[in-house]
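Asker: Just dropping this structure here.
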Amino acid sequence: MADQNMRFLVVDDFSTMRRIVRNLLKELGFTNVDEAEDGQVALHKLKNGQFEFVVTDWNMPNMTGIELLKAIRADAQLKHLPVLMVTAEAKKENIIEAATAGASGYVVKPFTAATLDEKLKKIFANIGK
Amino acid sequence: MSDFAGMEDLLQDFLTESSELLSEVDNKLVELEKRPDDKALLNDIFRGFHTIKGGAGFLNVDAMVSLCHRTENLFDKLRNGELVLNPEIMDEILAATGVVREMFGSMAQSRLPSPVDPALLAALDAVLEGRTVASAVTQHETPKPAIEPTTAVVQTQEASGHDWPLLYNSLLNEVNTAEESTPTEAISNYIEPVQTPLQNQSISDPMLALKPAAPSGASLPQRAQQASSQQLATQETTIRIDTVRLDQVLNLSGEIGLTKNRLTTLRTDIMSGKMDSVTLKALDEAIGQLDLLVGDLQNAVMKTRMQPIGRLFQKYPRLARDLARQMGKDVELIISGEETELDKTMLEDLNDPLVHLVRNAVDHGVETTEERIASGKPAKAVVELSATQVGDHIRIEITDDGRGMRPDVIRRKALEKGLIDIETANSLDDKQSLQLIFLPGFSTKDQISSVSGRGVGMDVVKTNIQKLNGRVDIQSVVGDGSRFTISLPLTLAILPVLVVKVCDQPFAVPLAMVREIITIRQEQVQEVSGRATIVVRDEILSVRSLANLIGWQEVQVPQFGVLMQSAEHSFILAVDSFIGRDDVVIKPLQHIRPKGIAGATLSGDGSIVLVLDMEDLLASANADHSAIKTSRFAQELL
């Protein structure tokens, strides 16, 4: 089982959405959560903090979620980080793009704590392998 | 019962954030009309709808999700060049943002918004498929069994949800094992069944057959009109504060706590009989410090209530655009000084008057395009809305480059409507004549029909501004345009006053109105047409006894006169004596509202001081004393 102290970074330009994700994570027992409002801020925080998991929105100004994902995978220090992509719908080309860029998982808004839990468990299981 | 039980906090956050977002979207839409190919704008608007949809989904507001989903798709196609923006599409989009705004309104009252008018959804779907709005109706006369748009979204979610790990693994395997096989194919097999069922099924909504969409030209201005009149109706109950300001409040209250501790210790000392000069000096110091800190705290708290006026302004370009379009005019609203800050309550109360003035400028101020061209002006009219801080006042100006106002026409109109008599009309100069438009009942016929759907006339503009201790001035040049200038105090929370005494009772008058204090010598008082007047530096000023104004018997001949200046006239307020100036916090009186009293406050010795509302007091006194309809106005113009 995953460490409940695992440090999450929630990335979304809409603060209400960050709060939603944070609350859902809290429901699952993950309370060590920081936030960033776009990819750039997130990347900066990731490079300077010990984060263990990234939950990021796709559509953001300055630096989108997919650009963030690519930047993480391209960074020697960060490339191992699990990244869960959050988007509003499942479009074929989006999923392909996320998959090829190396997303660890993909969750469609709106989702419940149970859905999120399921996604996280799968990702943890994959890491554990 | 709330439709959002257990989600109230989230709802509040969502509404605050999304309303701002929607205003931005609205403004960007107005921008987009000028630069329809601007990719950055299209992207921003796309993201705006996308974000609102995402939040609405978590709040289970299905109607908003399905509407925003369509607008989002529309902008996706626009930014990808699959669709080209035209006025018809624009109308549908603007109607959609109006509906979203209405939904925010019902959500603010904890009600789930009602489903979107199917005609609008159909129109959006038609546009999405590159058809005209009218054809959307004819094509759906034999509806197939319908699936609710929202269930489609859920399906999509579930399908993709279960597919993902498999999908991802299959992709990884494909990539790892067989380099040359295309992962895309493997994925498409999984994705195909879930691919955006929204676009395919929603147009088959059976409601469409029952309620055909009206031709866009006829229905849309009306829809836009409804939307814009509703969009401002909801009042915010939350406020966003810069943390620096909040920290300042925290700091100061901490320091006040420390000073209180010091005073408590000193009290113990003094109570136990320790009254030496060192103790008393310490007491003096502590109180002095408390004085300073409380003053600072008041300022800091006041600052937390200050909000940029841009919050109001940002709603107006859309308003002006809709109205101008409706009237077949070409008007650009230019906004400046959005960062100017104003007390939150004032900001809210300022909305109605500003909406009216902006509408007035577009409706009456600005000429039609043909008239403008005929008189050699640029076809596009410009209305400017600006805010600046001037000393301890805020000045807001609404300027148009339209036809201007003709004082003689205004005088004649007021006369025809029986608002003034012929003598008054003849005695008014041009500047005073312009002020006639603020008289109740002056509003012209067309104003009521097309513009003031909210039933706000110019008189209400003036009354509302006066309630905020502000005033409105008009400048107008025939043929060049008009300018309305609103002056407002920075805040209503703390009011500097002059405390005067009549019949042994203290009263506070707003210091902003006080020009000077003079002693009244009876030999100076002259009767001019039945009124007591005094000449001060060649200016003839009427003398009004405060005791008489509030309907009391004078107990002594007033000794002092306070020279008062309101928006348009000056007079001398005769009082028995005065106590001095003070900064007071006005407490409104509950349940009773005596004429001419704005509220009450406590004086330093703990007694109650009534704060006078001079405009109201004069108006009611004049109304009582004179049966002539015109006298109030004539008085104001003295």
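We count from 1, first residue shown onward.
The backbone N, Cα and C atoms fix where each Cβ goes, glycine too.
For reference, TrEMBL lists these features for the protein:
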DOMAIN    A:7-124  domain 'Response regulatory'
MOD_RES   A:D57  4-aspartylphosphate
Asker: Taking the domain 'Response regulatory' (A:7-124) alone, what is its mean pLDDT?
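Answerer: 89, rounded to a whole number.
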Asker: Counting only residues 6+ away in sequence within the same chain, which have a CB under 8 Å from the CB of A:D57 (4-aspartylphosphate)?
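Answerer: Counting only residues 6 or more apart in sequence, the Cβ neighbours of A:D57 (4-aspartylphosphate) under 8 Å are A:V11, A:D12, A:D13, A:F14, A:M17, A:G65, A:V86, A:T87.
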Asker: For a three-state summary based on DSSP, what are the helix, strand and coil counts in the domain 'Response regulatory' (A:7-124)?
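Answerer: For the domain 'Response regulatory' (A:7-124), the helix, strand and coil counts are 55 helix, 22 strand, 41 coil.
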